[in-house]
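Trainee: Annotated domain 'Protein kinase' per Swiss-Prot: 80-349, in sequence order, evidence recorded as sequence analysis. As annotated by Swiss-Prot, N-linked glycosylation site applies to ASN66, ASN164, ASN219. The topological domain 'Cytoplasmic' feature in Swiss-Prot is assigned to 1-19; the stated evidence is sequence analysis. Among the features that Swiss-Prot reports, topological domain 'Lumenal' is placed at 43-349. Summarising the annotation, Swiss-Prot assigns transmembrane segment to 20-42.
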Amino acid sequence: MGQQHGARNGLTHRELPRGMGLLLAMALMNVVLYVCLDHLFISPGRATEDPRRCPPGYFRMGRMRNCSRWLSCEELRTEVRQLKLVGEGAVKRVFLSEWNEHKVALSRLTRLEMKEDFLHGLRMLTSLQSQHVVTLAGFCEEDGTILTEYHPLGSLSNLEETLNLSKYRDVNTWQHRLRLAVEYVSIINYLHHSPLGTRVMCDSNDLPKTLSQYLLTSNFSIVANDLDALPLVDHGSRVLVKCGHRELHGDFVAPEQLWPYGEDTPFQDDLMPPYDEKIDIWKIPDVSSFLLGHVEGSDMVRFHLFDIHKACKNQFPAERPTAQNVLDAYQKVFHSLRDTVMSQTKEML
């Protein structure tokens, strides 16, 4: 009897750690799950400056620990090794190149008559360096060259092809896609409140052209890349813009960008009324729809964005929301959906 009583006591002492171990394992599993959910729902919008950002005139990219001064003409000529052509537009050619064991993008002016646009883009790059814009590594006005960080995933127009690859399957979710849409609106908001005043993204007369102005980074963020056409709007001085000198067509561009005098009156650039930054707002729903794609949950996101998108498509520019209004609405939807999913997950545990 004594031996049996002792055995029962011993069994209880041995089972207690097992029970506690099970509880600890469950608690640990919950912690891991919450961490995973927090990682999945990385709060969008990069409102605060990255503490790793360099002071004006300096850059850091890749695994660089310290900031380096923008490369000079001489350094660009002697230290940068051009590898292959990766892109070409009306203003410049872009070459994948190498500098100090870093992959970089070397842009070369292709036609002298486009030098004004080239220099405008360079001024925008130097003045708008931020988390919203591709990192500038150097330039040479004399040679017509600009060196920027290279992003192997390329243009934002490649998003679907990239996310369809098996290695990126885990990020092909409505959560990550909505975060991209928030970042896109963040860039538009930054341009509308930039250090250089209200800037309008004029190279955006159709969806493919608009997407080509942005790069997809390796950590699946968006940065503006092509800044050759960012004219200034100044409402105080009644300065408005016109994107190009040709007649525009289609429903992607804002109504005020269309020729207003009917088909019977031939288009004349000097008769075309100018417009303001609200043309960027009109295009947000179409760009956002592309970014959201057609994955599970994307239609749910579209439903929650319906009201703000309807406001963006107002025929009267003055009645459209500002970029900040749109950004606030996007972030509200993101956080609301995040809280709903996390609440449902907690209830399942």
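Positions of Cβ are set from backbone N, Cα and C atoms, glycine also.
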Trainee: State the count of C-beta atoms found within 10 angstroms of the C-beta of ASN219 (N-linked glycosylation site), not counting that atom itself.
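Mentor: For ASN219 (N-linked glycosylation site), the 10 Å Cβ neighbour count is 9.
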Trainee: Which of the three DSSP states, helix, strand or coil, fits ASN164 (N-linked glycosylation site)?
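Mentor: DSSP call for ASN164 (N-linked glycosylation site): coil, neither helix nor strand.
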Trainee: Applying a 10 Å Cβ distance cut-off over all chains shown, what neighbour count does ASN66 (N-linked glycosylation site) have?
Mentor: 7
Trainee: Can you count the other CB atoms that lie within 10 A of the CB of ASN164 (N-linked glycosylation site)?
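Mentor: I count 11 other Cβ atoms within 10 Å of it.
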Trainee: Can you give me the Cα-Cα distance between ASN66 (N-linked glycosylation site) and ASN164 (N-linked glycosylation site) in Å, rounded to a whole number?
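Mentor: So the alpha carbons of ASN66 (N-linked glycosylation site) and ASN164 (N-linked glycosylation site) sit roughly 36 Å from each other.
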Trainee: Report, in whole Å, the straight Cα-to-Cα distance of ASN164 (N-linked glycosylation site) from ASN219 (N-linked glycosylation site).
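Mentor: Spelling it out, the Cα of ASN219 (N-linked glycosylation site) and the Cα of ASN164 (N-linked glycosylation site) are 16 Å apart.
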